[in-house]
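Engineer: Quick one: the structure is below, and I'll ask about it shortly.
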Amino acid sequence: MAFRRRTKSYPLFSQEFVIHNHADIGFCLVLCVLIGLMFEVTAKTAFLFILPQYNVSVPTADSETVHYHYGLKDLVTILFYIFITIILHAVVQEYILDKISKRLHLSKVKHSKFNESGQLVVFHLSSVIWCFYVVVTEGYLTNPRSLWEDYPHVYLPFQVKFFYLCQLAYWLHALPELYFQKVRKEEIPRQLQYICLYLVHIAGAYLLNLSRLGLILLLLQYSTEFLFHTARLFYFADENNEKLFNAWAAVFGVTRLFILTLAVLAIGFGLARMENQAFDPERGNFNTLLCRLCVLLLVCAAQAWLMWRFIHSQLRHWREYWNEQSAKRRVPAVPRLPARLIKRESGYHENGVVKAENGTSPRTKKLKSP
């Protein structure tokens, strides 16, 4: 990991070398881009990596504002922030999670899940705060009609576009982290499922110009996930602490309902009533019946799949709980045997010899000879 003192050296550019030094390699690449800002020859190329591209001046009533739209150059910016995310991932892992896990003395399975939840808690918390700030400052919460009015939302404010680029960079960085963190083979399919699910939804909202609706849905989803992974961290610290899981179970179903309601309201009713319903990719207009049905089908299928997994997990936990309770009831109580009264001679026994009360041995009776 980054900035760690190592007692063992590995061959240069070997598999173990890359795994243990991938954050340092990423830091060197980022440093090269930042050094490029110092020279006039390379400054323009360096800005291509750091800043969002495709800025356009949009006239307003008072003055002009700078907005952005997407293009192929966004891939270069996303690549740069993938390396930034890898570095931050290593810092959180080494300076926070590793120190906590050493005190907890977790098993290998719990240690892997602890690291996963720890990373996601930091990411979800920062994303919720950032997303809430963007939604409030842009006025999407106070004016729900803005989610579908003036579609297509081709021109994005700086903070909206930068938020989407960072979100894509984070979930793309999670793919090579499966290799760098040596995730167990049993855990890879499960993690690939939710990584690909996030990538499809975030990229879809960004490319189909549904960025406003995507911000609200991400805010709801990330809030629920933050509560879940926080509950799991508390559970690893104390296995008797399950109150946060109950709170998450209550919030999970409500969140699914809100996401489906907003998606149907904005796409099924809001965009369906817009006058401009022509398929025009050059202008960023995808407001057609087929596109709306595909988006709604994707959102509904994802929410149904998440709800099915949630119900299946809850039923499995309840089944295990009741099996434990029934097993405890079936164990018969061991009856106590009544103490037998043993008639002893006067005194007490010591080494097989009867002793008198005063500690002397009783006299042996002499047998009369016939």
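Backbone N, Cα and C define each Cβ position, glycine as well.
Taken from TrEMBL, the feature domain 'TLC' applies to 112-321. Residues annotated as region 'Disordered' in TrEMBL: 351-370. Marked as transmembrane segment by TrEMBL: 78-97, 118-142, 162-180, 192-209, 247-269, 289-311.
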Engineer: To what whole number does the mean pLDDT across the domain 'TLC' (112-321) round?
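Structural biologist: Averaged over the domain 'TLC' (112-321), the predicted model reaches a pLDDT of 92.
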Engineer: I need to check the long-range neighbours of the transmembrane segment (118-142): which residues 6 or more away from its ends have a CB within less than 8 Å of a CB in the stretch?
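Structural biologist: Those are 89, 92-93, 96-97, 100, 157, 159-160, 163, 167, 170, 212, 215-216, 218-219, 222-223, 225-226, 229-230, 233, in sequence order.
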Engineer: Per the 3+ Cβ pairs under 8 Å rule, pairs at least 6 apart in sequence, do the transmembrane segment (289-311) and the transmembrane segment (192-209) touch?
Structural biologist: yes
Engineer: If we skip the immediate neighbours and take only residues 6+ beyond the ends of the transmembrane segment (192-209), which ones have a Cβ under 8 Å from one of its Cβ atoms?
Structural biologist: 70, 151-154, 164, 167-168, 171-172, 174-175, 178, 217-218, 284-286, 291, 295, 298-299, 302
